[in-house]
Amino acid sequence: MAASGKLASFRLPPLPTVGELIKLYKLRAEKQLSQNFLLDLRLTDKIVRKAGCLNGAHVCEVGPGPGGLTRSILNAGAADVLVVEKDSRFIPGLQLLSEAAPGRLRIVHGDILTYRMDRGFQANISKPWEEDPPNFHIIGNLPFNVSTPLIIKWLENIANRTGPFAFGRTRLTLTFQKEVAERLTASTSSKQRSRLSIMAQYLCTVHNCFTIPGRAFVPKPEVDVGVVHFTPLVQPQIQQPFQLVEKVVRNVFQFRRKHCHKGIENLFPEARRVELTQEMMQKADVDPVLRPPELTIPHIRALADAYAHLCIREPGLLSYEFREELRLKHLARKSKAPTGTVTDMPGGTLQSPLQPC
Ligand SMILES: C[S@@+](CC[C@H](N)C(=O)[O-])C[C@H]1O[C@@H](n2cnc3c(N)ncnc32)[C@H](O)[C@@H]1O
């Protein structure tokens, strides 16, 4: 069959196994870089299947390490794979893989947090945002210590259509600590509903594909791992700047067990807190006694729209941060207090806005 004949040509020639490579190059996992390797190619193949059809695709893989997932991506027929790896010890093994897949694997020794992915691929892979996603994917068994900052950065990129999303609605297939995967995909009122749930779901369709038990990794991490797939939405569910949405959501979830108006109050300077909170809740038509996890994305949209309206009317509001007001107040009190009082002691500084001294 022509199709299967074509598929067979994607497959890599015989190579040392990932386990043999690890031994060959004496690659001890570095805890600092959150290195937990997947050596079972059935599992890496399963992750890659969740990305969708990779036939002829362009792929950026985050943290390839010894290259197990990279092999599965290449075997799935990706035409152009660019891997970004911070630890130089993995580069020789990846070069071996690159020689086995001529012209299909490019290796970048760098940090994914600063790497300019928009410069790593040609503009002609782009698809207009309103059309189907481009044949460009980001895939990674992410280092845990960078996974949350990375997804927040990419969500902001999605909102602004920058970075990897300058090419269109680039899909992401990524691993997270199971708990983070659950937060990303949590529905309204669930125990895991959090800031991350709202920020991800207002911009993307998010699926928690499956869980990999910790014992499948070498060395075994203390937690299980979730594989999450993201497809950016054509139309974000909230049409306000990312920073504004992030600020509203951060404040709302500040007191997740209290009524939502408690967190919203902190969007406003103390002197006008009651009045402006009331106005914002009324404008948004959101019940102030709902708890943050009970808020749906339409509720958050109404709150963000109402807050944006107030910020246009009162331009100083957007830059107001209640923690800054507390800090200044605390400093003022401290400068007035006689020396030796509790505010001068190391433990006397403000721990939380709930416990002003
Ligand atoms: C959890 S391991 C996964 C390795 C491999 N993909 C696998 O599945 O076996 C994470 C990998 O990301 C790399 N890494 C850690 N921080 C990184 C960063 N900031 N940028 C790029 N790679 C990073 C580590 O060196 C390691 O190879």
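Here the Cβ of each residue, glycine as well, is placed from N, Cα and C on the backbone.
A TrEMBL annotation is a machine prediction, not a hand-curated record.
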Out of Asp111, Asp285, Asp287, which does TrEMBL tie to the same S-adenosyl-L-methionine site as Asn36, Leu38, Gly63, Glu85, Asn141?
Asp111
In this structure, which of the binding-site residues Glu85, Asp111 has the fewest other Cβ atoms within 10 Å of its Cβ?
Asp111
Between the binding-site residues Asn36, Asn141, whose Cβ has more other Cβ atoms within 10 Å than any of the rest?
Asn141
For S-adenosyl-L-methionine, with binders Asn36, Leu38, Gly63, Glu85, Asp111, Asn141, what's the maximum Cα separation in whole Å?
20
